[in-house]
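Lifted from TrEMBL, the feature list:
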- 1-16: compositional bias 'Basic and acidic residues' (COMPBIAS)
- 1-29: region 'Disordered' (REGION)
- 17-29: compositional bias 'Basic residues' (COMPBIAS)
- 57-94: region 'Disordered' (REGION)
Amino acid sequence: MDKDDARRLSPAEQHERRRQVIRSFKRGTNKRQIGRDIGLSYSAVCTTIERYETGGAKSLAPRQRGRKVGEQRSLSAQQEAHLQRLICERRPEQ
């Protein structure tokens, strides 16, 4: 099976692949063979198994990707509000 870019899969499909990895691993299948069968890299298989062993089935659930809202902003909320107020008060049409 060819390796697909798992980031392009829906969270439900990603979760199903992780569950397949764990089922195969519990049956005693070699990690490299699991990767070939499911279409994941060896490191992705190892990461999935490690997450399962440390956190259980809950750790395989889909998570939100990316930064949190408002994280690493250049301006604080107060600075942004002040800047917007200045822009609205002094528009070129005035």
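Glycine is treated like the rest: Cβ placed from N, Cα and C.
Note: TrEMBL annotation is automatic and uncurated.
With DSSP classes pooled into helix, strand and coil, the tally for the compositional bias 'Basic residues' (17-29) is 10 helix, 0 strand, 3 coil. Distant neighbours of the region 'Disordered' (57-94): 11-12, 14-15, 18-19, 22, 48, 51; these residues of the same chain sit at least 6 beyond its ends, with a Cβ under 8 Å from one of its Cβ atoms. Residues of the region 'Disordered' (57-94) grouped by DSSP class, helix first, strand second and coil last, total 17 helix, 0 strand, 21 coil.
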